[in-house]
Amino acid sequence: MNKFFLAPSILSADFARLGEDIKKVIDAGSDLIHFDVMDNHYVPNLSMGPMILESLRNYNITAPIDVHLMVKPVDNLIPQFAKAGATFITFHPEATLHIERTLNLIKENGCKAGLAFNPATPLNFLDYILEKLDLILLMSVNPGFGNQSFLPSTFNKLREVRKIIDANFSDILLEVDGGVKLDNIADIACAGANVFVMGSGLFKYSNYKLVIEKIRKKLEYAHSRSIH
């Protein structure tokens, strides 16, 4: 594993200048956009729907977009977000009665499929559907709000999922979301993550390019540690 992907979280962007801000962070060296969708039911917060995603595509945002559905139920929204321009659609196992059917629905609508795990969600769901996944998302905070601290218990979970992925010779992406900062991203990478959702840890800075250069250096260091 020698490629790392930065995924700025749209929740921390400037909503008054959303398209402009997202374009700036992509041009500064980000790889994809993390698009959080919350329903004030599955999680205690409310965010945006497919119209916002479609508007970003119309603004000529061409980078991959990972739509993270923190909603319940989930299936009726999948075709809408796929049509609006999602690249990945990621959902939580608690949000559907039939995980495999929901994964199939995502694929049928032309998107890559991800499964998200809250800090307290067990990993045994992976025993049944690993081969259908393109991405596994581990929440390193309890979902619903930004600017939370990274939960240290996530490290063991990351190592466990990395072993599962590698044991199956899989190229599934392993994403972590919550409290990812300059001072911990190298340790998170060494634990097995290769996609890093960054909210306030990136958007709070005025010079995105400079911060991303610093992040890349941290990740280069993590990669050098992992191969020795």
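Cβ atoms are placed via backbone N, Cα and C, with glycine included.
Now, the feature entries from Swiss-Prot:
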| type | residues | note |
| --- | --- | --- |
| BINDING | Ser9, His68, Asp177, Gly178, Gly179, Gly199, Ser200 | substrate binding site |
| BINDING | His34, Asp36, His68, Asp177 | divalent metal cation binding site |
| ACT_SITE | Asp36 | active site, proton acceptor |
| ACT_SITE | Asp177 | active site, proton donor |
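A map of Swiss-Prot features onto the structure.
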residue	record	Cβ contacts under 8 Å, 6 or more apart
His34	divalent metal cation binding site	Ala7, Pro8, Ser9, Ile10, Asp66, His68, Asp177, Val197
Asp36	divalent metal cation binding site	Ser9, Ile10, Leu11, Ser47, His68, Met70
Gly178	substrate binding site	Met139, Ser140, Val141, Pro143, Gln148, Phe150, Leu151, Thr154, Val197
Gly179	substrate binding site	Ser140, Val141, Gln148, Ser149, Phe150, Leu151, Gly201
Note = In this structure, the one of the binding-site residues Ser9, His68, Asp177, Gly199, Ser200 whose CB has the fewest other CB atoms within 10 Å is Ser200
Query = What kind of secondary structure is Gly178 (substrate binding site) part of, going by DSSP in three states?
reply = coil
